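Structure first, commentary second.
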Amino acid sequence: MTAYHIFTPDDALRFADRHSELFGDHSKLSAVEFGDGNLNLVFRVSNDKGTSLIVKQALPYARCVGESWPLSTDRARIEAEVLQQHGRFCPQHTVEVLHFEPALSAILMEDLKQYQILRSELVKGKTFAHLASQMATYLAQTLFYSSDFVLSGSVKKAAVARFINPELCLITEDLFFTDPYCNHERNTIHALILPRARQLWQDEKLQAEVAALKADFLSKPQALLHGDVHSGSIFINADNCKVIDAEFGFYGPIGFDVGSLLGNLLLNYVACPGLFAPAQAEQQQAYLLAQIRELWQQFASQFSQLMACETQDSALQNSRYQQHFLQQVLADSLGYAGCELIRRTVGLAHVADLEKITDATKRAEAELRAIELGRALIMQRAQLPQMDAVLTLVQQFAL
Ligand SMILES: Nc1ncnc2c1ncn2[C@@H]1O[C@H](COP(=O)(O)OP(=O)(O)O)[C@@H](O)[C@H]1O
Ligand SMILES: CSC[C@H]1O[C@H](OP(=O)(O)O)[C@H](O)[C@@H]1O
């Protein structure tokens with residue numbers, strides 16, 4: 001068995017060649033590292049006929065910080081296995097894993113070069129009519145089929161154990177729920193919004209609600225989450241979208257995945273007036289509101305249908321319970337969306353939607369909208385019974 005070593009492009013090339021028939025004989029292969037994420041190496045291995053594959057390798061530390069932030073390479077196993085599970089439940093919207101080698105913490109997967117990263121497209125003002133419906137299907141299928149509605153007690157508990165992901169969960173626990181609410185050295189806060197950030201550190205009412213959301217994140221193993229469904233984890237083109245990068249996966253609250261996506265659409269929403277001229281900003285915000293409405297409607301309808309028709313546990317077949325369950329998922333999703341809005345504004349990991357706003361005043365205005373909308377979603381999540389009420393709230397933060 002090959003011992004772990006950090007891949008060079010040549011290593012990635014040999015790894016891809018060893019584990020795929022796709023390149024065929026006599027192919028002239030080349031490889032390049034082009035990862036731009038926070039944690040890992042990503043190589044594209046191509047032959048001279050235009051066929052290509054992706055090799056992703058976990059480093060023993062976080063790429064964005066370096067060796068001073070050690071990180072278990074077991075995250076590659078989690079990523080490969082979550083993608084494989086989700087690929088069984090929703091193959092059309094999950095990147096295909098072709099091979100995983102535990103000793104090297106390396107994954108061979110399909111190259112989504114016919115797709116673009118959703119965040120980059122939204123920042124350019126591109127829109128996709130199918131985004132909400134396809135992501136609703138991805139979320140409903142992956143979350144329902146890994147939940148207690150389907151799995152027996154023993155199978156579910158074994159799955160929870162298999163996907164214990166302490167180090168990556170700790171990153172989320174810190175970055176989402178702790179750092180933004182105190183003066184933490186990991187935070188990056190632009191000077192113009194520092195006074196507002198300081199208020200977050202004193203906001204005990206908000207902190208109490210964030211504590212409740214964190215407690216649920218720690219102790220509500222409802223389904224096998226992707227764990228980081230932000231718009232940099234979604235590849236999209238004119239026909240389809242596919243999800244990548246599931247290394248934060250674990251058994252957690254369903255609302256965390258739904259809320260992460262909602263939060264990222266809302267980050268783009270509050271950024272629009274800083275990114276675009278007024279007419280385009282208005283158009284893009286209308287598009288985002290319609291997508292958010294459709295995302296929830298389709299998710300709720302598909303998840304309800306699955307609960308009604310495919311629930312295995314007879315006690316959980318109760319339709320009142322199922323309605324209550326979905327209502328709680330909505331409240332959780334709004335809370336986690338709010339946390340995403342705040343942590344991407346005053347925490348460690350920022351997003352291009354806001355960072356690409358070149359005018360510092362407009363960027364600060366957008367960041368303040370993100371904080372206020374995030375706070376409102378967290379505080380009011382239990383009093384927003386339907387998506388229409390949520391959208392009315394969101395519209396108050398258009399400008
Ligand atoms: N299957 C893929 N096909 C094409 N490009 C990919 C694929 N997976 C990752 N990438 C590229 O690598 C980048 C980083 O990948 P990602 O999985 O987000 O890494 P990290 O775990 O470090 O965040 C993506 O933004 C994308 O450009
Ligand atoms: C130090 S990890 C910060 C941040 O990065 C992750 O996203 P990605 O790997 O896709 O860039 C995740 O959202 C973490 O919270």
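Think of each number as a place in line: the chain as shown, counted from 1.
Placement of Cβ uses the backbone N, Cα and C atoms for every residue, glycine included.
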Residue among Asn38, Asn40, Asn264 sharing the ATP site, where TrEMBL lists Lys56, Glu110, Asp111, Leu112, Asp245, Ala246, Glu247 as binders: Asn40
Of Asn40, Leu112, Asp245, Ala246, binding-site residues neighbouring ligand 1, Cβ under 6 A: Asn40, Leu112, Asp245
Candidates near ligand 2 among the binding-site residues Lys56, Glu110, Asp228, Asp245, judged by a Cβ under 6 angstroms: Asp228, Asp245
Across the domain 'Aminoglycoside phosphotransferase' (32-291), average pLDDT on the 0 to 100 scale: 97
DSSP-derived class (H/G/I helix, E/B strand, else coil) of Arg343 (substrate binding site): helix
Surrounding CB atoms that lie within 10 Å of the CB of Asp111 (ATP binding site), all protein chains: 16
